[in-house]
Amino acid sequence: MMNESSTEKKNELSLSFAALGVVFGDIGTSPLYAFGQVIKYFPINDHNIYGILSLIFWSLIIIVSIKYLVIVFRADNDGEGGIIALAGLIRQKIKKPGGWLLFITLVGIGLIIGDGILTPAISILSAVEGLESLSPNLAKYVLPVTLIILFFLFKMQSIGTGKIGIYFAPVMLIWFITIGVLGFLQIIQNPKVLMAINPYYAIYFFMIHKYFALFILGGVFLVMTGGEALFADLGHFGKKAIRTGWFAVALPALLLCYFGQGAFVLMHIEYIKYPFFSLSPDWFLPVMIILATIATIIASQAIISAAFSILKQASLLNLIPRLKIIYTSKFEKGEVYLPLINFILALGTCSLVVIFKSSSNLADAYGIAVNLDMLITTVLVGIIAYYCWNWHAFKVMIFPLILVIELAFFAGNIPKLLTGGWIPILIAFLGFVVMYTWHCGFEKLRELHHRDALMDAFIIDELNQNKISRQSGMGLYIIDPYDCEGESLLHHLRLNRIFFENMIFVSIKIENKPYIPIEDKFELIKKAEGFYLIFIHYGFTENINLPNELDEMFKRVYLPFEIIKNKLIYFIEIVFVEMTRERQKHMYMWQKHLFSLMIRNAVPDIQFYRLPYNKTIAIGTYYQL
């Protein structure tokens, strides 16, 4: 028993260590720009610095430590976190939640795309700006160096991070130790800053500055950016590992660093442009700049990987068009590369760097997307607490209280809309338009399909009565997502009168759970003699490889005929959309054009399901929108 307990502790510690290189990268590099962004609006004096530090301290405690690590962590979907996991959890309990859940989910995914564009830009730019602390003459190199780093960062996505990923955790541990020590060295010179732990100073700050103090919350919020990643990465490391990493390493280091910056600016009012790099002795500054740059690259890698992961899940759930998914690791199933998304993120990130030119300017655009994502998380977890956990209404009242705090931060972020905050909102809006148009287009395809498929029921009767001649062999038909039970392919068979002696229709069902156990994966329905419908159930985080899945299926599902894999022929459907001027419900003409463009360029079934090219036949189906 002692050995087992010791082994478990070692595993937890190793997971906590690994989490440092992924989970805490974003929030761990916030000290580069967050504190400097806040203090530029106020005169440097004891009351202002103590008030700002008190707001930072209690924000990290209430929102990140209590809300996320204590409350939100309870809302895991079979160990998985993130907005899609939360939405899936609600759908398991509320079978028909209505359009509001779809709306929130699509907005949340759009915000994650915006975050994936903004985070690499502000993080790496803020690190490279350390060159100015070395010499003002180096300022002209900040932009080109940042762009070069970003170019190689996005270029390396196609080969994955498997080989260098093992170094992420050690680097981030060194980073946290370094910023913690540098902050501590300043605190011991001015220990009075520790009085800011008292919430009185945060309250007094509001009493002095009144409504203007609300504006400063937009800057204070920057210390929490990356906090949402703690929940999003839950499936990779687990609750205990992330909690241990946060409370043992990340949180103490961050607080020491922020309080150290506060102590420093009170003693050196003239060094307020880059208070973070001012903590470093001159002899250590070049090392600090290199370490900060590497840390921000790791933080950026984490958010890019998270964007790939969430959009892969959205693609499986048919919330967005099917994307080309490349698996970059044979061992880590979660490591994926999405070429189109990588190009969009790279283009957006580099454009923002060129347009805004400094991390201070970019900070105005940053934060709003994360703030909205946190608000959405609070709402969804509140619903889960009431409907899934059966919390009493009195206990659920904690969520409105958290919402009030987060809405106060959002109010502080609103003025940023005029100076760049509109960018993540625009990105999220464009993402929402694309996803909602895809949803509406598919709903229309389902409607048109069911209208035409009503007559196909008699084919089943004819097959049962042996009124239709059959040819020898077997065909395996892959059903498209808009088609529930393969009526569209049956319609094709009825037209050309080609019926195999044995036919298997395979329908892929993506469930509201991250993983489906193998014993629940397959469902067999006999439709007619020699004609079977098989449902294969996947979780929204699983990788789809249909030929491999079929091997397992044939072992577990009894069929009254022999399956010869080498002679198996796959049939897939390719949908073509012809636009008409007829006004469709919930779809304007521009949406028809957009949907037609997306369905033409979506990854075909043969790639998505990884079917063999030399044994796959495509059948075209036409619809008029």
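Note that the numbers count up from 1, one per residue, in the order the chain is shown.
Using N, Cα and C of the backbone, Cβ positions are placed for all residues, glycine too.
The transmembrane segment annotation in Swiss-Prot covers 15-35 (among others).
Residues annotated as transmembrane segment in Swiss-Prot, with sequence analysis given as evidence: 52-72 (among others).
According to Swiss-Prot, the transmembrane segment annotation covers 98-118 (among others), on the basis of sequence analysis. Packing against the transmembrane segment (98-118) from elsewhere in the chain are residues 83-84, 87, 90-91, 303-304, 306-307, 310-311, 314, 319-320, 341, 344-345, 348-349, 352, 362, 365-366, 369-370, 372-373, 376, 379-380, 423-425, 427-432, 435-436, 439: each is 6 or more residues past its ends and has a CB under 8 Å from a CB in it.
The transmembrane segment feature in Swiss-Prot is assigned to 134-154 (among others); the stated evidence is sequence analysis.
The transmembrane segment annotation in Swiss-Prot covers 164-184 (among others).
Tertiary neighbourhood of the transmembrane segment (203-223): same-chain residues 27, 30-31, 33-35, 37-38, 41-42, 47-48, 50-52, 54-56, 59-60, 254, 258, 363, 366-367, 370-371, 408-409, 411-416, selected by CB-CB distance under 8 Å and a gap of 6+ residues from either end. As annotated by Swiss-Prot, transmembrane segment applies to 203-223 (among others), with the evidence given as sequence analysis.
Feature annotation from Swiss-Prot assigns transmembrane segment to 246-266 (among others); the stated evidence is sequence analysis.
Sequence-distant contacts of the transmembrane segment (284-304), counting only residues of its own chain at least 6 positions beyond either end whose CB sits under 8 Å from a CB of the stretch, comprise 21-23, 25-26, 28-29, 32, 115-116, 119-120, 123-124, 126-128, 130-131, 133-134, 149, 153-154, 157, 161, 168, 171-172, 174-175, 178, 226, 229, 233, 277, 342, 345. Per Swiss-Prot, transmembrane segment is recorded for 284-304 (among others).
Remote same-chain partners of the transmembrane segment (336-356), defined as residues 6 or more beyond its termini with a Cβ less than 8 Å from a stretch Cβ, comprise 113, 116-118, 120-121, 125, 143, 146-147, 150-151, 154, 157-158, 160, 304, 307-309, 311-312, 323-328, 362, 365, 420, 423, 427. Under the heading transmembrane segment, Swiss-Prot lists 336-356 (among others).
Marked as transmembrane segment by Swiss-Prot: 365-385 (among others).
Beyond the transmembrane segment (394-414), the same-chain residues lying 6 or more positions past its ends with a Cβ under 8 Å from any Cβ of the stretch are 59, 62-63, 67, 71, 214-221, 367-368, 371-372, 374-375, 378-379, 381-382, 385-386, 421. The transmembrane segment annotation in Swiss-Prot covers 394-414 (among others).
Residues 106-107, 109-111, 113-115, 117-118, 314, 319-320, 348, 352, 356, 361-362, 364-369, 372, 587, 591, 594-595, 598 of the same chain sit 6 or more residues outside the transmembrane segment (417-437) yet have a Cβ under 8 Å from a Cβ within it. Taken from Swiss-Prot, the feature transmembrane segment applies to 417-437 (among others).
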Best-contacting stretch, by C-beta pairs under 8 Å, relative to the transmembrane segment (15-35) and drawn from 134-154, 164-184, 246-266: 164-184
Whether the transmembrane segment (52-72) meets the transmembrane segment (365-385): three or more C-beta pairs under 8 angstroms: yes
